[in-house]
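What TrEMBL lists as Mn(2+) 1 binding site is H139, D167, H169, D171, D261, D263. If you look up TrEMBL, you'll see D167, H169, D261, D263 marked as Mn(2+) 2 binding site.
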Amino acid sequence: MKKNSYQQTNIDYQSGQKIYWTGRKSNPDLGKQYWHQEIELIDLHHIKKENNIDIALLGYVCDEGVRRNLGRIGAAQGPKMLRESLAKLPIHFDGKRVVDAGDIICIEEDMESCQQAFANTISQLISQQIFPIAIGGGHDMAYSHFMGIRDAVKNTSKKKIGIINFDAHFDLRPVEKKSNSGTPFNQIISELEATNESVDYFAIGIQRQSNTKELFEIAKNEKVDYVVNYDCESSSEEMKVLKERLIPFIANNDYLYITIDMDGFSSAYAPGVSAPSPLGFTPYFVFKMLLFLFDTKKVISCDIAELNPTLDRDNVTANLAAKLVDFIVMHK
């Protein structure tokens, strides 16, 4: 029998913890008003199909990939701080059962075991008809997240997964000695090519000042679709052009995996990341794009990466990440 990710001995799993979910008390006569009152905490050891869970939050407590990529560590604290910010938000998603499934935790520098466990868990959630929202953690999470989705749909008639990445960076760096937070999409493309498969990858928010000529050349050779940050405006005309570019991409795929790197946002909105930039997109742009993408009914999973609370200012980035999760839950 296949071993569950949380039963492996070379990684650590922590179930959902009440300590993160605290906030304002509301009038009991009004029912549950806030996330901390509504969220259910589960242990993946005891999850069953008959639980009828709609959405599960899953933490990727790892910034080893950021360290390997010579970035500023601290993203391992992202899942904790995102939950604490989310706990205080009012709820507007009646009728959906949302749970905190806990965290997959990287032990020392063993990112590869953490990624395998994370992929296994994503696969198990999707196989049980549960929509995962993964919270990181470095963007190396994307490699394991995609592989988990791929594993979940491998025996179905629909197997084509398109990746949509909101990010300042391509994250297409070739793997040299070890993978890192800058290599996930190169890893995905290379592994699928090795088995004569392909994957469609669309990057939104790419900044020329944050990507080398080599990365643009890799993107060209691998037929990666991308939109630069200057074209990521929330005006009606700009949105129309981008949506028209996305329509054939969406039509060519059975499922969409959406990954949001917090460093794609302008540093005015997201200072708490390893690589902040004032030239990023706005939250309004991303919210509008998410509405469009969820209307396709093809989104199979989402994640939010690179929240680094140690670099945040007044929890601005954590609050934005929490509101992204809330928005996804409302519109899933």
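Using N, Cα and C of the backbone, Cβ positions are placed for all residues, glycine too.
Fewest other C-beta atoms within 10 Å: among the binding-site residues H139, H169, that description fits H169. The Mn(2+) 2 site, placed at the center of the C-beta atoms of D167, H169, D261, D263, has further neighbours from the same chain whose C-beta lies within 8 angstroms: H139, N165, F166, A168, D171, G205, S210, M262, G264, A275, A305, E306. Within 10 Å of the C-beta atom of D171 (Mn(2+) 1 binding site) sit 28 other C-beta atoms, taking all shown protein chains into account. Neighbouring residues of the recorded Mn(2+) 1 site, listed in sequence order and excluding H139, D167, H169, D171, D261, D263, comprise N165, A168, S181, G182, G264, A305, E306 (Cβ within 8 Å of the Cβ centroid). Within 10 Å of the C-beta atom of D263 (Mn(2+) 1 binding site) sit 29 other C-beta atoms, taking all shown protein chains into account. The Cβ of D261 (Mn(2+) 1 binding site) has 30 other Cβ atoms within 10 Å, all protein chains considered.
Annotation for D167 (Mn(2+) 1 binding site): spatial neighbours H139, A203, I204, G205, I206, T259, I260, D261, D263, G264, criterion Cβ-Cβ under 8 Å with sequence separation of six or more.
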